[in-house]
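**Student:** One structure, pasted below without further comment.
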């Protein structure tokens with residue numbers, strides 16, 4: 001059997017870039033909760049003892065940006081300089097302006113356009129991907145790396161591993177077999193975890209706890225064997241972390257947010273952007289389309305691309321590739337996709353209920369936007385596709 005290795009990584013919620021994603025999306029949630037028509041393009045950056053929230057926001061909502069930034073940092077666990085940031089005493093700078101009137105006129109006619117008329121907030125191309133290798137219809141390498149990161153946070157917050165600090169990274173290498181275009185996982189080749197920790201714990205204790213409380217509950221036993229390689233805090237020491245260790249910026253973890261290097265990416269980040277920004281809403285509907293194709297049995301693996309022009313409602317192009325796994329031709333699948341999904345930005349927002357705030361976007365900002373079992377992730381709902389199996 002001819003196999004190959006493929007690797008995906010993840011970072012958990014205390015990573016500086018992910019901290020910024022979460023602050024940006026918490027701001028978006030707060031704006032949408034009070035004003036569903038909010039236009040939000042919110043960026044965040046952070047370094048030692050500093051968080052800056054900046055961008056373009058037009059909203060009727062009364063939002064305390066500084067409070068949102070501090071609350072988000074605190075909820076992650078940044079409660080002292082020792083762990084990388086002190087939420088209550090760090091400096092928070094806010095530089096927010098309104099959306100350009102030129103963009104507002106071209107995209108939503110200063111809120112006068114009907115949903116079906118609303119244009120894309122910018123040009124760009126977005127991808128959706130799905131594969132039958134996991135129940136989530138997501139790549140196994142990405143699913144495992146992401147779940148390891150989430151588990152690190154869980155055992156930190158519930159006290160199972162009290163020596164853990166908020167920052168951490170994971171990486172999983174999976175050995176795969178290509179079965180006529182479909183990806184079949186054979187085994188886990190390598191597991192890498194680098195996690196921030198306090199001064200008191202030894203490397204041996206770290207390795208033992210990570211194996212017992214993080215790896216064991218996450219990675220199914222069938223994928224682990226005596227040859228699986230474990231790199232657990234391979235640099236030896238990771239006490240200084242969070243924004244004290246590295247600067248952070250919104251939108252720098254776009255592969256972690258999506259498919260772990262599988263499929264493709266148009267380059268546009270998600271966090272801090274309202275649904276008129278097709279970087280986000282376009283990628284969400286493309287995932288729903290790809291997932292629905294695989295769930296319907298039309299293909300074992302699929303990628304969908306859509307593209308837009310600023311101010312134009314209809315997509316410029318829609319593309320489907322099933323990597324040779326389709327039960328019918330890609331051309332016929334594309335026809336079904338176009339008949340089933342409305343790719344106009346205003347209609348995506350309506351059909352996926354994307355104008356609702358709360359904490360639904362904050363939830364997306366750590367541990368991936370796709371493959372999540374959560375009612376707020378409306379783009380994960382499979383749409384039934386009508387097709388007839390060809391005669392054998």
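Placed from the backbone N, Cα and C atoms, the Cβ positions cover glycine too.
Positions annotated as Mg(2+) binding site by Swiss-Prot, on the basis of similarity to another entry: 9. Annotation comment: Swiss-Prot describes 15, 167, 168, 169, 235, 236, 237, 238, 246, 252, 253, 269, 273, 277 as ATP binding site, evidence class similarity to another entry. Marked as K(+) binding site by Swiss-Prot: 43. Residues annotated as L-methionine binding site in Swiss-Prot, with similarity to another entry given as evidence: 56, 99, 246, 277.
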**Student:** For the binding-site residues listed here, 99, 235, which shows the highest count of neighbouring CB atoms within 10 A?
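**Tutor:** When each Cβ's neighbours within 10 Å are tallied, 99 tops the list.
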**Student:** Which whole number of Å gives the largest C-alpha distance between any two of 15, 167, 168, 169, 235, 236, 237, 238, 246, 252, 253, 269, 273, 277, the residues noted as binding ATP?
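**Tutor:** Answer in Å: the longest Cα-Cα distance is 42.
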**Student:** Among all the protein chains here, how many other CB atoms are within 10 A of the CB of residue 43 (K(+) binding site)?
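**Tutor:** If we count other Cβ atoms within 10 Å of residue 43 (K(+) binding site), we arrive at 22.
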**Student:** Look at each of the binding-site residues, 15, 237, 253, 273, 277, and point out the one with the fewest other Cβ atoms around it within 10 Å.
**Tutor:** 237
**Student:** Could you find out if DSSP has residue 277 (L-methionine binding site) as helix, strand or coil?
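**Tutor:** Reduced to three states, the DSSP call for residue 277 (L-methionine binding site) is coil.
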**Student:** Can you tell me which of the binding-site residues 43, 56, 277 is spatially closest to residue 168 (ATP binding site)? Compare CA atoms only.
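**Tutor:** Ranked by Cα distance from residue 168 (ATP binding site), first place goes to 43.
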**Student:** Sort the binding-site residues 9, 43, 56, 99, 277 by C-alpha distance from residue 253 (ATP binding site) and give me just the closest.
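**Tutor:** Answer for the nearest of the binding-site residues: 9.
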**Student:** Quick check on the binding-site residues 9, 246: which one has the highest count of other Cβ atoms within 10 Å of its Cβ?
**Tutor:** 9
**Student:** How many other Cβ atoms sit within 10 Å of the Cβ of residue 56 (L-methionine binding site)?
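**Tutor:** If we count other Cβ atoms within 10 Å of residue 56 (L-methionine binding site), we arrive at 16.
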**Student:** Calculate the distance in Å between the alpha carbons (Cα) of residue 9 (Mg(2+) binding site) and residue 235 (ATP binding site), and round it to a whole number.
**Tutor:** 17
**Student:** Kindly assign residue 235 (ATP binding site) to one of the three DSSP-derived states: helix, strand or coil.
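**Tutor:** DSSP assigns residue 235 (ATP binding site) to coil.
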**Student:** Return the maximum Cα to Cα distance in Å (whole number) over the record's L-methionine-binding residues: 56, 99, 246, 277.
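**Tutor:** Result: 30 Å between the two most distant Cα atoms.
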**Student:** Can you tell me which binding-site residues out of 15, 43, 237, 246 are within 10 A of residue 56 (L-methionine binding site) by Cα, answering none if there aren't any?
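**Tutor:** So far as Cα distances go, the binding-site residues lying within 10 Å of residue 56 (L-methionine binding site) are 43.
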**Student:** Consider the binding-site residues 15, 43, 237, 246 and say which one has the Cα lying nearest the Cα of residue 277 (L-methionine binding site).
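**Tutor:** Checking each of 15, 43, 237, 246 against residue 277 (L-methionine binding site), the shortest Cα distance is to 43.
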